[in-house]
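Engineer: One structure follows; several queries about it will come next.
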Amino acid sequence: MMTTSNKSFVAIFSFLLLSSMQCHAQLSSTFYDRTCPTALTTIRTSIRQAVSSERRMAASLIRLHFHDCFVQGCDASILLDETPTIVSEKTALPNLGSARGYGIIENAKRELEKTCPGIVSCADILAVAARDASTLVGGPSWTVKLGRRDSTTASHTLAETELPGPFDPLDRIISGFANKGLSTRDMVALSGAHSIGQAQCFLFRDRIYSNGTDIDAGFASTRRRQCPQEDQNGNLAPLDLVTPNQLDNNYYKNLIQRKGLLQSDQVLLSGGSTDSIVTEYSNNPRTFALILLQL
């Protein structure tokens with residue numbers, strides 16, 4: 001049985017991934033039923049192959065979609081390359097050297113063009129890819145509404161200034177999501193996507209060497225093995241050591257134990273307004289495992 005908190009959590013997580021943010025078109029789950037009836041199957045096959053080859057790619061595709069949606073809506077602007085008239089979002093600091101999965105979306109588009117040339121937008125491919133990636137690592141599934149238009153412009157500036165950062169304090173994170181019409185509870189739920197994926201050493205080095213009261217000493221010691229105080233900035237570490245390839249609620253359990261890898265994660269349990277939400281989600285083991293979701 002799906003509890004009220006479970007419904008809220010999964011629905012909120014799906015809210016952004018359903019790509020309704022700043023999208024004024026009339027979207028429909030049946031948008032391609034006549035023009036490209038194999039669209040969803042073709043995309044699913046591409047994503048399944050990609051995640052099968054590299055489990056981490058699931059997290060990368062979800063993050064790619066999130067970073068697209070947070071900047072001028074879910075319009076695939078993050079996929080645009082640099083041109084004489086476009087300053088690409090790919091080179092913005094939150095994306096540079098960390099955003100991944102561009103080639104996977106391109107491969108899916110290439111396959112679709114063989115049977116449905118010029119029909120399926122890259123924005124829709126990215127939205128469906130995020131949903132399929134979620135299900136492939138044990139996360140929720142949902143009905144994706146389709147019919148987005150691809151952007152012809154990008155906003156490097158907005159990508160630099162509006163995407164949440166790994167060092168952001170709680171008030172800035174809350175206000176950033178509020179500016180997108182998302183509540184504090186929404187933000188905590190969406191942060192649960194950090195149940196999967198990896199982070200580069202330079203993003204959490206200060207935290208694990210801080211000897212602070214907000215980090216478990218044993219956890220910090222373990223993390224230091226792959227992240228020295230100097231050099232090796234790009235060394236990768238899983239955000240969740242326990243179930244690194246499973247989209248579940250262990251993220252919140254980690255925060256309760258002071259084992260959040262990024263400062264912007266642990267700050268969700270730091271004596272502030274989000275503590276009770278984190279505790280609530282940590283006590284619901286089926287939160288991310290609920291596959292049957294009707295919106």
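Glycine residues also receive a Cβ, built from the backbone N, Cα and C atoms like all the rest.
A TrEMBL annotation is a machine prediction, not a hand-curated record.
Sharing the feature lines straight out of TrEMBL:
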type	residues	note
SIGNAL	1-25	signal peptide
DOMAIN	26-288	domain 'Plant heme peroxidase family profile'
DISULFID	Cys36-Cys116	disulfide bond
SITE	Arg63	site 'Transition state stabilizer'
ACT_SITE	His67	active site, proton acceptor
BINDING	Asp68, Val71, Gly73, Asp75, Ser77, Glu89	Ca(2+) 1 binding site
DISULFID	Cys69-Cys74	disulfide bond
BINDING	Pro164	substrate binding site
BINDING	His194	heme b binding site
DISULFID	Cys201-Cys227	disulfide bond
BINDING	Asp240, Thr243, Asp248	Ca(2+) 2 binding site
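A description of the local structural setting of each listed feature is requested, covering burial, neighbours and distances.
Structural biologist: Taking the Cβ of Arg63 (site 'Transition state stabilizer') as centre and 10 Å as the limit, one finds 22 other Cβ atoms among all the protein chains shown.
The C-beta environment of His67 (active site, proton acceptor), restricted to residues of the same chain at least 6 apart in sequence and closer than 8 Å, consists of Ile78, Glu89, Pro94, Asn95, Ala99, Ala159, Leu163.
The 10 Å shell around the Cβ of Asp68 (Ca(2+) 1 binding site) contains 29 further Cβ atoms across the protein chains shown.
All protein chains shown were included, and the count of other CB atoms within 10 Å of the CB of Pro164 (substrate binding site) stands at 18.
Non-local contacts of His194 (heme b binding site) by the CB criterion (under 8 A, 6+ apart in sequence, same chain) comprise Leu239, Asp240, Tyr251, Leu261, Leu262, Asp265.
Taking a C-beta cut-off of under 8 angstroms and a sequence separation of 6 or more, Cys227 (disulfide bond) has the following same-chain neighbours: Cys201, Phe204, Arg205, Ile208, Asn235, Ala237.
For Asp240 (Ca(2+) 2 binding site), the count of additional Cβ atoms within 10 Å of its Cβ stands at 23 [all protein chains shown].
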Engineer: Sort the recorded positions Arg63, Cys69, Gly73, Cys116 by C-alpha distance from Thr243 (Ca(2+) 2 binding site) and give me just the closest.
Structural biologist: Arg63
Engineer: Please report the Cα separation of Cys116 (disulfide bond) and Pro164 (substrate binding site) in Å, rounded to an integer.
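Structural biologist: Cα of Cys116 (disulfide bond) to Cα of Pro164 (substrate binding site) measures 36 Å after rounding.
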Engineer: Starting from the Cβ of Cys201 (disulfide bond), draw a 10 Å sphere and report how many other Cβ atoms land inside it.
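Structural biologist: For Cys201 (disulfide bond), the 10 Å Cβ neighbour count is 20.
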Engineer: Just give me the nearest neighbour of Cys69 (disulfide bond) among the recorded positions Cys36, Arg63, Asp75, Pro164, Cα to Cα.
Structural biologist: Asp75
Engineer: By CA-CA distance, flag whichever of Asp68, Gly73, Asp75, Pro164 among the binding-site residues is nearest to Cys36 (disulfide bond).
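Structural biologist: Given the candidates Asp68, Gly73, Asp75, Pro164, the nearest one is Asp75.
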Engineer: Would you mind ranking the recorded positions Cys36, Cys69, Val71, Cys74, Cys116 by how many other Cβ atoms sit within 10 Å of each Cβ and giving me the lowest?
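Structural biologist: Taking Cys36, Cys69, Val71, Cys74, Cys116 as the recorded positions, the minimal 10 Å Cβ count falls on Cys116.
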